[in-house]
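Working notes for the structure below.
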Amino acid sequence: MQIYPLRLLPNKIDFDFMNFKAVSYSFSIILSLISFIWIGIYKFNFGIDFAGGIVIEVRLDQAPDLPKMRGVLGELGIGEVVLQNFGSERDLSIRFGISSEENLMKNIELIKASLQSSFPYKFEYRKVDFVGPQVGRQLIEAGAMAMLSSFLAIMVYIWVRFEWYFGLGILIALVHDVILALGFMSITKLDFNLSTIAAVLTIIGYSVNDSVVIYDRIRENLRKYHKKNITEIINLSINETLSRTILTVITTLLANLALMLFGGEAIRSFSVLVFFGIIAGTYSSIFISAPILTMFANRKFNNKVIER
């Protein structure tokens, strides 16, 4: 039995993506500048992981209903409250930020009273600690190093698999995606915490995967069509992979939509940022990383890529 691939678009689609190269570059530059300016003026809404706060360690007599507990504490109006199990499922860590020193003890007592009145558990409060912003700075540095390391590893991988020009194209696209993601996070006031660092790394991985698929087709078409110029080759390659690109982005967005709707407040920043990043990564793989290869369009470049 012959298996036919699922296609959303006709086989012979011929949309001239390269004709919009100048428009897409201008659009991306404008969005990047807006992101830079907004971040410079309004900064980020740093979560407890980076801004510091209070940590309450408590042991319960049974496993708690964490989603319900998050909902109850989230309605107290004291800002972000993070609940996590540690050790056993009966051990709970409650973290929240410090709005002011005057409200510190009041908020601690408010949390205790709310838990006691809303749940039938027995609570044994074991420790109350202050986590300073110094720890937050260390986490920011670690997150920045993680992103930088991923950039370098991706550059080396693309250089080995294709050619350094391709690595430069992907690097520009990734910087574009990260800037837009950070700008989106600042504009929407999403909590900047460890989960958003994971979201940015997820966006980087998705964007690279999309670009590599198009790059593979460009290399294949360079071998097949010796008389076509690089602009025609890139345009043909984007069109040939367009059905796959659309199917991938739809299925990924649907999976992420489930996280946004049912994942709860604990992963809200992660799921919303990844949703935006998937769209940005798809856009950059088509309109940034592929068209930018025309800057290196010469015969020597073509021969090097074909040999790989």
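Cβ from N, Cα, C; glycine included.
Under the heading transmembrane segment, Swiss-Prot lists 22-42 (among others). Panel annotation: around the transmembrane segment (22-42), residues 176, 179-180, 182-184, 186-187, 283-284, 287-288, 291 of the same chain, lying at least six beyond its termini, place a Cβ under 8 Å from a Cβ of the stretch.
Sequence annotations record features per position, and here Swiss-Prot assigns transmembrane segment to 140-160 (among others) based on sequence analysis.
As annotated by Swiss-Prot, transmembrane segment applies to 164-184 (among others).
Residues or ranges marked as transmembrane segment by Swiss-Prot on the basis of sequence analysis: 194-214 (among others). Only residues 6 or more beyond the boundaries of the transmembrane segment (194-214), in the same chain, are considered here, and those with a CB under 8 A from a CB of the stretch are 49, 139, 143, 146-147, 150-151, 154, 158, 161, 169-170, 173-174, 177-178, 181-182, 185, 237-238, 241, 244-245, 248, 252, 267, 269-270, 273-274, 277-278, 280-282, 284-286, 289-290.
Sequence annotations record features per position, and here Swiss-Prot assigns transmembrane segment to 246-266 (among others).
Feature annotation from Swiss-Prot assigns transmembrane segment to 272-292 (among others).
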Residues from the same chain, set at least six apart from the ends of the transmembrane segment (272-292), whose C-beta lies under 8 A from its own: 17-18, 20-21, 24-25, 28, 168-170, 172-174, 176-177, 180-181, 184-185, 188, 190, 196, 199-200, 202-203, 206-207, 210-211, 213-215, 218, 234, 237-238, 245, 249, 252-253, 256-257, 259-260
